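To start, the structure itself, in structure tokens.
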Amino acid sequence: VLMYSNLLHCYDFQGKYDSEILEKTGLCSQITFGRYVRQGRRLRVDPKLFIQDLQFNEVPVRVYQPKAVSHRRRRAIIFFHGGGWVFGSLDTYEKVCRYISRESGSVVVSVQYRLAPEHKYPAAYEDCLNATIHFMRNTEHYGVDPARISVCGDSAGGNLAAAVSQTLAGRSDLPKLRAQILIYPGLQALDFNLPSYQQNRGVPLLFRERAAFFALQYLNGDASHMQEVLEGSHIPPDMRLKYRKWVSADNIPEKFKVRGVKPLRPTDFVAEVYETVKRFCEPNLCPLLAEDAIVHQLPESFILTCEYDVLRDDGLLYKKRLEDNGVRVTWYHLEDGFHGIISLYDYAGLSFPSGKRGLDSVVNFLKGL
């Protein structure tokens, strides 16, 4: 893990260094460069899958359908890719979606939502919600059982999956979601000093500063107040107190606090910063802040966390919230995993055994639905 971590750190540092040079010379922005180096490519025809690109409510999607004969209507997974709401595409996650569809015998719908900062919140959320609703209303075209539809996403995609699941929880005009599958999701932007943020602040593929940068890009395309957000001065004291019951290191099991955690002094609240980021308190953006009345209605859940990941504690906190509200949760923790490891499945010749274990844990969960 250390060897791979050091290798990825070099790649991330060099990419960031190159992108800064390109931005300073006016050739392209860091985000444009990042999208270029992260872009995937179309693969050869898969003999076991029928794959087609479609549009659901004007949202581009890629549908993966197993060719094998099924004697019953299949389960379906609506997949939202990761990438900090800024990066990622259908091609980037092609291998992951093919694997899930083949190995679980499920129909997979991969959603190409609009990216920030060109399309700010709630564009990505709205695209994911609209694509999901369209599919739910047209399952007969894909041989899918409407009672066996789940949403799934990794990182920012996990955030979107959680938000869509909460929105659909109270809908009586649509089928109930069978499950939500959240792979190292980012679920809050109130506290960037939780234990996992302190412990893994410099661990690739997601540094602490980049996590705040991506959240701000998605929110309003402006990261000028990133330092205040990292310090926590963007949330009023009364609001911080209100959400402390849900967003607090006190709710993290002690075994996750033994590695490099220290108490931090409260920072002074800066009202003008709050005015620019106050939508961070909306559950559609930060699902960890949803009221109990919503969380109580959520479907069976699967949460995957990684030990070496700044977002680890977001997953742990949501796990506790779900369980406290009577929702059945399957939790899979990769002790040797880091953020983004699932997206690196069979990526550019790299192979991460723990990432394969994590991906197989998702498949095994799906098979049980």
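Using the three backbone atoms N, Cα and C, a Cβ is placed for every residue, glycine included.
Just so you know, TrEMBL annotations never went through curation; they're auto-generated.
These come from TrEMBL:
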| type | residues | note |
| --- | --- | --- |
| ACT_SITE | Ser155 | active site |
| ACT_SITE | Asp309 | active site |
| ACT_SITE | His339 | active site |
| DOMAIN | 77-225 | domain 'Alpha/beta hydrolase fold-3' |
| DOMAIN | 267-342 | domain 'Alpha/beta hydrolase fold-3' |
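For the pair Ser155 (active site) and His339 (active site), the Cα-Cα distance reads 8 Å. Distance noted between the C-alpha atoms of Asp309 (active site) and His339 (active site) is 5 Å. Here the Cβ of His339 (active site) has 27 other Cβ atoms within 10 Å, regardless of which shown protein chain they belong to. Counted within 10 Å of its Cβ, the other Cβ atoms near Ser155 (active site) come to 30, all protein chains included. Every protein chain shown contributes to the tally, and the Cβ of Asp309 (active site) ends up with 26 other Cβ atoms within 10 Å. Confidence for the domain 'Alpha/beta hydrolase fold-3' (267-342), expressed as mean pLDDT, is 98. DSSP places the residues of the domain 'Alpha/beta hydrolase fold-3' (267-342) in helix, strand and coil in these numbers: 31 helix, 19 strand, 26 coil.
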